[in-house]
Amino acid sequence: PPWKRIYAVAIGTFIAGIVWIPAFLHNAYGDKLTDWIQGDRIGIAWISPIFQAMAAWITMISLLPVESPQSPVVIASGLVMIIFFIWAIPILFNGFRTQLEKPQSRMITQVFASVVVAAIALFFCFTYFLGIDLTRGARYNFVYFPAVVVLIGASLAISWNTLQAKIARWGVTGKMSVIIIWVMGFLSAITVVCNLGYQKYYRPDLFVELIQNTSKVPVLIATTQKTHVQIGEMMGVAREFKFRNSFSLSAKFLLAHKDKKTNASNTLQNVLKSLPRPLDLWLVNFHAAEPEAIKNCVSDTQNLPAVNGYKYKIYHCNS
């Protein structure tokens, strides 16, 4: 009977989960790795998880270069995606409903749909009851994405196997609609591979290029550090320096820890006193008072471009 196989899979999944309990209980990192998705909810922050989740669901089906730096590309991509969803959602919904109505596929369809619904419910429970906003990272949806793919495939199977005369939406036959949705999925994958989708909110490649074009002397890149987010931002910059083989430009990094016991300004003050001149100081996302030593430096007055994720100030320290 199929239930025996289902029970066997459930037991196997349970055992696989039990294995991770000791690692969870003896976690040496604590909650530092997830500090960035924790926080108090004020005002619009109460509804932002809903829109963040919707954005993640949309990109499971279609993602064109809406994060391109060129506005015409963004507008055209957004328009195509809107038209595509208006056309495709009814097709997918009708296929899903048909699978639920067929006795031979009803149970398995309900199982996969239950997995998706349960996962989404857990996401919102973590977000609203535990204060851990899992909707902030679209990548976290990978836990139920395979089930979504199966349901979409099952829905498209209905269109593919339906007689040509019985289905036509906007003059598109069943098989042709499946091909169009497949092509959209392929283009979406190309978008991600070319780094035009699912981009990080920070752009270390553009920031390092700016540093190389602006500074001709050794640089100190200083930021205040509270969570692993700031570590990731600086690692991205260091990685870009390595890829570009920027040995001619000596770059040092300072992650000045900031909490109730540690003063980030004092940390930067001590480091500045110990470094030789000339020096360019780049304050990047530095959320602390500027130290006294900066008064001996000259603020850069050039009209430089903004860089996503890196709010910066430049000081030229020559003495």
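Including glycine, each Cβ sits where the backbone N, Cα and C put it.
Remember, TrEMBL labels are computer predictions, not curated facts.
Noted in TrEMBL for the protein shown:
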- 6-25: transmembrane segment (TRANSMEM)
- 46-66: transmembrane segment (TRANSMEM)
- 72-96: transmembrane segment (TRANSMEM)
- 108-130: transmembrane segment (TRANSMEM)
- 142-163: transmembrane segment (TRANSMEM)
- 175-198: transmembrane segment (TRANSMEM)
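Long-range contacts of the transmembrane segment (46-66) within the same chain, counting only residues at least 6 positions beyond its ends with a Cβ under 8 Å from a Cβ of the stretch, are 73-74, 77-78, 80-81, 84-85, 88, 120, 123-124, 127-128, 133, 135-136, 138, 141, 145, 148, 152, 181, 184-185, 187-188, 191-192, 194, 196-198. For the transmembrane segment (175-198), the list of distant contacts is 59, 61-68, 84, 88, 91, 138-139, 156, 159-160, 164, 167, 169: same-chain residues at least six beyond its ends, Cβ to Cβ under 8 Å.
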